[in-house]
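S.K.: Sharing a structure, written as structure tokens. Questions coming.
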């Protein structure tokens, strides 16, 4: 049995395969998932697992240099936006490297998600609760 924190086999393999600047989209239950990227569907029911839980699991093993979010989250879901910013800031401190935050319109976000290595679907049902993690380097 794997000893680390991240026990989900597809997520663990995904993180192990990430190279510098590779991207993972972590999304809510409603984001359309295009053909192309690997689809890792973790949604069990509305709200389970939530986006923050999925993000927490991924961040146990992933070095992140940039996060991209839809700008609409700031106005439509400000509490979730702030919680994600807090979680990203905590990870930045833990990894000892800054994490840039970028925003784009939701339609641009959906287009950008096509270049992700994988799209990880959570059970999150908060509007615009999606992000793209851009991998950094561990050295």
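Placed from the backbone N, Cα and C atoms, the Cβ positions cover glycine too.
Under the heading active site, proton donor, Swiss-Prot lists 20, citing sequence analysis as support. Positions annotated as substrate binding site by Swiss-Prot: 28, 106, 128, 129, 130.
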S.K.: Provide the number of Cβ atoms within 10 Å of the Cβ of residue 130 (substrate binding site), excluding the reference atom itself.
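M.R.: There are 27 of them.
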S.K.: Long-range same-chain neighbours of the residue listed as 'active site, proton donor', Cβ under 8 Å, sequence gap at least 6?
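M.R.: The residue listed as 'active site, proton donor' has long-range Cβ partners 135, 136, 137.
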S.K.: Which residues, sitting 6 or more apart from residue 129 (substrate binding site) on the same chain, put a CB under 8 Å from its CB?
M.R.: 27, 28, 51, 73, 77, 80, 84
S.K.: Beyond 28, 106, 128, 129, 130, what residues of that chain have CB atoms within 8 A of the centre of the substrate site's CB atoms?
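M.R.: Result: 27, 30, 31, 69, 70, 72, 73, 77, 109, 124, 126, 127, 131.
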S.K.: Where does residue 130 (substrate binding site) sit by DSSP, helix, strand or coil?
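M.R.: Reduced to three states, the DSSP call for residue 130 (substrate binding site) is coil.
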S.K.: Which secondary structure state does DSSP assign to residue 106 (substrate binding site), in the simple three-class scheme?
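M.R.: The residue in question, residue 106 (substrate binding site), is helix (DSSP, three-state).
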S.K.: Would you mind listing, in sequence order, the residues at least six apart from residue 106 (substrate binding site) in the same chain with a Cβ closer than 8 Å to its Cβ?
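M.R.: Non-local contacts for residue 106 (substrate binding site): 70, 71, 72, 128.
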S.K.: Once the chains shown are all counted, how many other Cβ atoms turn up within 10 Å of the Cβ of residue 128 (substrate binding site)?
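M.R.: Result for residue 128 (substrate binding site): 21 other Cβ atoms within 10 Å.
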S.K.: Sort residue 20 (active site, proton donor) into helix, strand or coil using the DSSP assignment.
M.R.: coil
S.K.: Once the chains shown are all counted, how many other Cβ atoms turn up within 10 Å of the Cβ of residue 28 (substrate binding site)?
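M.R.: Residue 28 (substrate binding site) is surrounded by 21 other Cβ atoms within 10 Å.
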